[in-house]
């Protein structure tokens, strides 16, 4: 190094200065481009990049994308796994059935399931109504979480205006109006107290009254509002029958479409009724329980202790009859054995006495003959 010529030193220092200046120049030129690229990427990601070719940024997005507020919204948690970003939706939703209608037209089991679906889809979904979304034809949707979708949300608009709470517009009749095709004749006696302060014989009559009055009436609690006031239950039922609009004849051409007012619930409602059968109203798309004998409650989960006797089903009745016949035969056999034993004992005693008398008689006669 000491032997280098001064000219060589000058050449070496000049080269180092040139490379340093070139590096600084390239860095200063690249910095505004990087800032502009990040700004364009942010605008494209937030949907504000109008007029910008965002397709060219798809490759670079994976290189610079990080977890921020826009990466995972609606209650999700953003997590980086290597070069991949994942949005984790940790919602511990309870399984209670409190249906809500979402802004996307889907019915969710409860509000928690709606928020979880919004997180998974990264879409803004809000509650538009409490209760299921009413639709003419239900169809499956997204995640299958007790959902059903339809084009109309919660109300049906027609020539009648707005038919709510399960009512249908009868446009074929001369007097166009809302008709309630709700048949509660097949429901067991399961008294409930409604939010209007009246008692009804079963929840079906509550839905019928809500449909007839076109106002919101729900089940407040199980059993009548005043347990001893049985007349209020029957009076409410008679009142509903008197004010009930005329229902079209069962030979209506729409009978094939309805196939009855109630249809069996889908597999999504498994376990909804504890001791009973789940039925879905075709018009209102609301689930209800037809409780087995001896059970009551909205979900047939309470034992009805007021019932004096329980009428068994056809299969159980057959078993009861067979058991009764077998028991009767056993009782008859036992009675016959007892009667046979009690009758043999006196005969044996009389036989022994006759033999003793004959013995005495023979000895007396023999002595007399001698």
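Quick reminder: no glycine exception, Cβ is built from N, Cα and C everywhere.
Annotation comment: Swiss-Prot describes 356-370 as compositional bias 'Polar residues'.
Look at Swiss-Prot and you will find 89-119 (among others) tagged as disulfide bond, backed by sequence analysis. For residue 89 (disulfide bond), applying a Cβ distance below 8 Å and a minimum sequence separation of six or more within one chain yields 75, 76, 77, 116, 119, 120.
Counting only same-chain residues six or more apart in sequence, the Cβ atoms lying under 8 angstroms from the Cβ of residue 112 (disulfide bond) belong to 91, 93, 94. The disulfide bond annotation in Swiss-Prot covers 93-112 (among others).
Feature annotation from Swiss-Prot assigns disulfide bond to 101-133 (among others); the stated evidence is sequence analysis. Secondary structure at residue 101 (disulfide bond), as computed by DSSP, is strand.
Under the heading disulfide bond, Swiss-Prot lists 180-211 (among others). Cβ neighbour count for residue 211 (disulfide bond): 27 (other Cβ atoms within 10 Å of its Cβ, all protein chains included).
Swiss-Prot lists 184-204 (among others) with the feature disulfide bond, giving sequence analysis as the kind of evidence. Shown in sequence order, 201, 202, 204, 205, 208 are the residues of the chain, 6+ apart in sequence, with a C-beta less than 8 angstroms from the C-beta of residue 184 (disulfide bond). According to DSSP, residue 184 (disulfide bond) sits in a coil region rather than a helix or strand.
Taken from Swiss-Prot, the feature disulfide bond covers 193-225 (among others).
Here residue 265 (disulfide bond) comes close to 272, 278, 279, 280, 287: these same-chain residues lie at least six apart in sequence, with C-beta atoms under 8 angstroms from its C-beta. Annotation note: residue 265 (disulfide bond) sits in a coil segment as assigned by DSSP. According to Swiss-Prot, the feature disulfide bond maps to 265-278 (among others), an assignment based on sequence analysis.
For 273-289 (among others), the entry in Swiss-Prot reads disulfide bond. Residue 273 (disulfide bond): 23 other CB atoms within 10 A of its CB, across all protein chains.
In sequence order, 188, 190, 273, 275, 276, 297, 300 are the residues of the chain that are 6 or more apart from residue 291 (disulfide bond) and have a CB within less than 8 Å of its CB. For 291-300 (among others), the entry in Swiss-Prot reads disulfide bond, with the evidence type sequence analysis.
According to Swiss-Prot, the feature domain 'Kazal-like 1' maps to 88-135.
The domain 'EGF-like' annotation in Swiss-Prot covers 261-301, and the record cites sequence analysis as its basis.
Taken from Swiss-Prot, the feature N-linked glycosylation site covers 53.
Positions annotated as region 'Disordered' by Swiss-Prot: 349-370.
Taken from Swiss-Prot, the feature signal peptide applies to 1-36, supported by sequence analysis.
Residues or ranges marked as topological domain 'Cytoplasmic' in Swiss-Prot (evidence: a curator's inference): 342-370.
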- line: Between the disulfide-bonded residues 101, 289, the one whose Cβ has the fewest other Cβ atoms within 10 Å is 101
Message: So among 180, 193, 211, 225, 289, all listed as disulfide-bonded residues, which is physically nearest to residue 133 (disulfide bond)? Use the C-alpha atoms.
response: 211
- line: Cβ atoms other than its own within 10 Å of the Cβ of residue 225 (disulfide bond), all chains, total 18
Message: Just to verify: the residue among 93, 180 with the fewest other Cβ atoms within 10 Å, which of the disulfide-bonded residues is it?
response: 93
- prompt: Where does residue 204 (disulfide bond) sit in the DSSP three-state scheme?
  reply: helix
Alpha-carbon distance [residue 289 (disulfide bond); residue 225 (disulfide bond)] in Å: 20
